[in-house]
Each structure stands twice: as structure tokens, then as C-alpha cells.
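Database features (Swiss-Prot):
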- 143, 206, 221: Mn(2+) binding site (BINDING)
């Protein structure tokens, strides 16, 4: 398994013989392509079609984020592993209202269970509400209601004010951290989807759209409590992130370069941290947890096994 690379400095990324080269006025670094799983870009980067063709041939996605750290898009290589049969099953589960609702509920249940683990808030009432919902809007409303409780708890445990969730744009440091963490999680889940036969545009909780890979939004719901909420709490409580790591421009608050690097380092370390996975009777990385979740989803779509979302607390 290759590594995830993060580019935080302006420069040029190119193909150099049979490897990758990043260079600018201060540095020239060759990166063995066999060591690269995917690349996250947070700076101005010059590249050409020769590089893109090379990345495509190696199946390496390239994720782009703008100056403020918002996810803007992915160079998504042509899928090398496709399955018409699985695509048909994905669409069938979207078109069948009950099958779609089951999967949508599952993603929300996974989100609520993992939020319950992170914030130590009883979720029984909300899990029962989820089971009683009959539509996607009802379902999303229940999740949003529980999220509000969690955000109040987030303020308590960090001592930072959230006031209310603001996304476009984030208006304070806590909102900026949530938005940045969510963007990273969406992109990482998309990178893992690429390695499977799943089509990233067919989703169940979030409405499929011509302008986004909405399946990554669905699956990310299960992982955001661990990859975002839990990480934010730890970074603030350990004083690794403070108010000096943010900038504000035009009523928008965002992580500055130093803060972004701190968050990325912690995010990447979490991806590589291992945890015992009972079903396999061995430890796996948090990155592998995403892959295993996608395989469970595939088995459900193929009607080989009923999908049950990751309950992170149950792994402990």
C-alpha cells in the first residue's frame, strides 16, 4: 500500500523518467511512483498532460484544495476496475425506495453511533427516531438534531465557541476546523472508492448529482466523527492547534499554512494508526477501515451480506 502525499508548497509536479518530481526555487524532490497512493494539493501547482497521463496509468487520484483549504475537485483516473453488474445493483438500490432508505438509514446510524462514542452522549432516542423515519428529509433532520447536541458538547470540551455551524464561509476557528476536516474526509473516502468497483456518483443518503461524487458524502458520514470531531478535540486539548493557527479574510476564517500542516500531520497519522478489527481478528489501519466499509457495502448491493455500518466504539 502506497502513501498519501500532501503538497503544501507552490511548485511544479512533473513526470521525470519513470517517477514523479516536485520542484520549486528551494527544493527538488523525486518521489517513487510505486510509493504514491494519492496526492492532496494545497498550493499553486504547475503540471501538464504528460503528468496526468502518467498518474492515470498508475491509478493515482489527485485531489485539489483552494487557498482557503476547501476541496475543489479531483483528477479521477479512468476506472481500471469496473463492473456493469455492480453498477446495475447500485442503481437498483437507488431506484427501490425501501432499499435506498435502508442504506440511507444505515449511514446515519453509523454517524450517530460514532458521534455517541466521541461525545459520550446517549443516542438511543435518536436511533429510535431514525428507525421510525419514512423519508430521506426526515432522516437528515434527525441527524441534524443530534449533531446540534454534539456541537454544544464540542464547545464544552474544547472551550472554543462554535455559536452555529457556518460552512460557506466558516466564520470562526471551530467552524473552519470542521469544514477542513470534512473536506479531507470526503476526498480520502473518494480515493478509496476509486480502488473498488463502486460508482462514486450513485448515492443513497445524499441526492446523486451531475456535479459531485455523492457516494463519498454518504460513506464519509460514518467516518467524520472519528476523522474530524475526535481529531479536533484531541488537537485542541493537547494544545497542538490554537487561535494563532487561523487567518480571517472577508468574513471567512480558515487555517493558515502552519495550522493546515499541523492538522494534515495529525490526520495522516490517524489514517496510519492501527486498531483491532474483530471480524478479521487482526489490527488494521484507519485507512483500511474505509476500504472494509466499502467492501461491506458492495456485499450488501450484491445481496451477499446485509450492510451494518461501522460502530467504532465496538472496536475498542
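Every residue gets a Cβ built from N, Cα and C, even glycine.
Distribution of Swiss-Prot features across the structure.
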| residue | record | CB count, 10 Å |
| --- | --- | --- |
| 143 | Mn(2+) binding site | 22 |
| 206 | Mn(2+) binding site | 18 |
| 221 | Mn(2+) binding site | 24 |
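In the three-state DSSP scheme, residue 206 (Mn(2+) binding site) is classed as coil. Under DSSP, residue 143 (Mn(2+) binding site) is assigned to a helix (H, G or I) in the three-state scheme.
Listed in chain order, the extra residues whose Cβ falls within 8 Å of the Cβ center of the Mn(2+) site residues 143, 206, 221 are 104, 107, 108, 111, 140, 205, 217, 218.
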